[in-house]
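Student: The transmembrane segment annotation in TrEMBL covers 32-51. Positions annotated as Zn(2+) 2 binding site by TrEMBL: His177, Asp212, Asp275. Per TrEMBL, active site is recorded for Asp179. Per TrEMBL, Zn(2+) 1 binding site is recorded for Asp212, Glu247, His561. Annotation comment: TrEMBL describes Glu246 as active site, proton acceptor. According to TrEMBL, the domain 'Peptidase M20 dimerisation' annotation covers 293-435.
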Amino acid sequence: MSQVNLVEKKADELPGVNARTSTTKLSKAKAIVFKITLVTALAISASTYFVKRPLNGSTVGTLENGIDLCPQVGELVPEKNGVIWESLQHVYSTEEFKTRAIDWLGGAVRIPTETFDDMGDVTEPVWEKFLPLHDYLKDSFPLLHSNLELTKVNTYGLLYVWKGSNSALKPLLLAAHQDVVPVLETTIDEWQHPPFSGYFDGESLWGRGSCDDKSGLIGIMSAVESMLENGFKPTRTVVIASGFDEEVSGIRGASSLATEMIERFGENAFTMLLDEGSGYGEVYGRVIAVPAIAEKGTLNVHIKVTSPGGHSSLPPPHTSIGMLAELLVQYEKNPFETHLTRGSPTYRNAQCMAQYAPGISSSLKEHMLHAEHCDKALRAAEEELFKDRTFMSLVGTTQAIDLVDGGVKVNALPEQAWAIVNHRISTESSIAAIKVRDIELLKSLADDFNLSYTAFGSYVSNEDAPSYGTLTLSTAFGDGLEPAPVTPSGEDAAPFRLLSGTIKAAYNSHRNISGSDAIIVSPGIMSGNTDTRFYWKLTDHIFRYGHLEAAGGGSLPSGVHTVNEAISINSFVGMIGFYTTLVLNVDESSLP
């Protein structure tokens, strides 16, 4: 079999994905470039390292003994829906559409939808701030609202259903939230443009929610409205779920939407789910997109110390605050032991960087090439990778002392003091493991201070023994959240491969380029949590990805959750193109 025929066969064998970059949809020149790219990727030596080099001569990929550390698919261009796709790609490239995109997103940003921790039930008037946004969406996207079925869930949650012609196919679920984090009054003067102005400076649109996450909500709706304008009628049902309190844990919005969808569609009813997440950007000299296939868990541990009060002129050796301080120092002196685990999302990400990023050191490349089967190489790679504190934090369980309180008066001994430690739990750990570790961590100090020790409802010390005071560990702000199930992303994971090909097609089309190497797709992990925490039962294929350009690939754009949040309109238009490509690709795929 010739190498070209082998390429065509390999492309056709992708599960759930058809090889659509044929000369019927692309120019002959583009088809040739595509085939040459894949031939280059497949023409490897079975016994030596192979280094693939682009036209500029820089190293972009390394294979060990013919084994691809970071398998890539080609760009996935819609075929059955190709006419609509090509038409819309042209529309999206016009100045007229850019103006529409500015108006759509700017109008949404100008409606403040801040959420706070203490807003109470949805019956409280404070939640009515979402009604103007709902009116705006209805006026701005008339075709969407006349063609999609809308159900309001728990008053302000939005559930849109775009019914497809084939009810046997599992729907595609797209998610985005309506609320934004608050803007502190004391920081307003630090904004280059007012935080709810939706101001466009000729390049970027400014304001709270422009990135997180009104760009996601408006991007999805802009894509749907544009497809409807071009006469698209889906074969596969598309569902849009929009919560309204994601920034305060989603307990009213996404939680209620999940219940509604389970009742209406059932468990594991969706072919795949896409929600907000990181995007793409240059990492060590290579543009890499990082859809998150997992999220860390979380646990807040409340540490409370009590001891006798009295006048501060007659102090004991240790006050409640002093003992608490020692306990907190014990935490910071003993961070969680962190190791890179084979097969984890961060390990997969490191493999992709080692194979494709030219800026990665030769020693790290070498270590990662052997890490799959050599513990020494894995530990050596880990040592290099962990020089980057951000990467190390993504790999392991972290802890941060975020809240502390104690004492009421300068001349009164504090009868109690407390602190809260926030844990972000790695995909290889659990809430139970964190509790066991924290209990053991503080036991010796509890004994030293003669404190009666209770942890998570159980006695650790002898409850009948005399003590000077008490030490109590308990959960705060709920019982915690286990790490999310890891979405399949291997070579037989059709939804991930479809998403990867879609990312490449959208990236290339927006830049009027072709080929599979302009952007690399790597699995990753979210350090925080999204509304998907409530959607685990709906599908095994959950992705957190926003297709926004940001420094560092898997990082979030600057200004998110702080001052000067802004989005490049060029990036936002590319985002609309991505959602369009995804809907069309999933619609014609052989996914269940």
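A Cβ is built for glycine as well, from the same backbone N, Cα and C atoms used for every other residue.
For the listed features, I'd like the structural context: burial, neighbours, distances.
Tutor: Under 8 Å, Cβ to Cβ, and six or more positions away along its own chain, Asp179 (active site) finds Thr113, Glu114, Thr115, Phe130, Gly243, Phe244, Asp245, Glu246, Glu247, Val248, Gly253.
A sphere of 10 angstroms centred on the C-beta of His561 (Zn(2+) 1 binding site) encloses 14 other C-beta atoms.
Mean pLDDT across the domain 'Peptidase M20 dimerisation' (293-435) comes to 97 in this model.
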Student: Out of His177, Asp212, Asp275, which of these binding-site residues is nearest His561 (Zn(2+) 1 binding site) by C-alpha distance?
Tutor: Asp212
Student: Is it possible to get the count of other C-beta atoms within 10 angstroms of the C-beta of His177 (Zn(2+) 2 binding site)?
Tutor: 29
Student: Within a 10 Å radius of its Cβ, which of these recorded positions (Asp212, Glu246, Glu247, Asp275) has the fewest neighbouring Cβ atoms?
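Tutor: Lowest Cβ count within 10 Å among the recorded positions (Asp212, Glu246, Glu247, Asp275) is Glu247.
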Student: Count the residues of the domain 'Peptidase M20 dimerisation' (293-435) that DSSP assigns to helix (H, G, I), to strand (E, B) and to coil, and report the three numbers in that order.
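Tutor: Taking each residue of the domain 'Peptidase M20 dimerisation' (293-435) in turn, the totals are 59 helix, 34 strand, 50 coil.
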